[in-house]
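Structure first, commentary second.
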Amino acid sequence: MSEHSFVWDAVQRVRTGAPLVHNITNYVVMNTTANALLAAGASPVMAHAREEVEELAGLCSSLVLNIGTLSKPWIESMFAAGRIAQSRGVPVVLDPVGAGASSLRTWTSLDLLRELNISVLRGNASEILALSGAGSRTKGVDSIHQAADAADAARELAGKFGCVVVVSGAEDLITDGSSDVLVRGGHDMMPRITGMGCTATALVAAHAAVAGSVLDGAAAGMGVMAVAGTMASRKAKGPGSFQMHFIDALYGMQSFDVEAGVEIVR
């Protein structure tokens, strides 16, 4: 099996299986995230009300906990949905948006990691460093570090919490603490578009729901993200059209696009 085969296999599994991805995510990205999941072949539900999250978590194939627009009721919903999802053995993916920027974001992320069985932690380098206790701060929700800067912190967090950690950047690092995968691809226009990291988290959740292992699912999700970015860059004239072409790329992606659009290093 080539290093690209597991990515294409996961793409096909998402398209045929249409996994239900329950997103407790932020107001900024709800529409973009839902459209990306639909284009990839998954089935999104965007629900955060405490009164229904347990019921929906009982149906989902994976759960996204994204702290981008955090508030106390949403924190309660995240814990409630997370407990149901973990009891069913479905992947729970945490996006610690802006961890390090405020105490609320940092401590909520750490509490979720401590109290739930998080399957995948996906963040930028500054967020991962902040959660590791390295003392990093973010520029708002943006990273001021490269993925390689957080490699040791990612492995430490993976070992401490028994999860896969994804550090996104120009080169993505995916690690379970003992095995690493590097994903290279995409385009430097991607950081100019709000919510691309949140889209990556949702794609990781969709592919983790169907892959043979959480590590492969996370790597496949980031690989798909990179391929779609590479494809979109060929047609886009700026961030606005890039986002449109990115969604189209998720929908139309073929095996030869995967072969040409991303480099996977194990």
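Heads up, the Cβ atoms here are built off N, Cα and C, so glycines get one too.
Predicted, not measured: the structure shown is a model, and the values here were computed from it.
Features reported for this protein in Swiss-Prot:
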type	residues	note
BINDING	MET46, GLY195	substrate binding site
BINDING	ARG122, SER168	ATP binding site
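MET46 (substrate binding site) counts 17 other C-beta atoms within 10 Å of its own C-beta, drawing on all protein chains shown. The Cβ of GLY195 has fewer other Cβ atoms within 10 Å than any other of the binding-site residues ARG122, SER168, GLY195. According to its DSSP assignment, GLY195 (substrate binding site) is coil.
When the Cα atoms are compared, MET46 (substrate binding site) and ARG122 (ATP binding site) turn out to be 19 Å apart.
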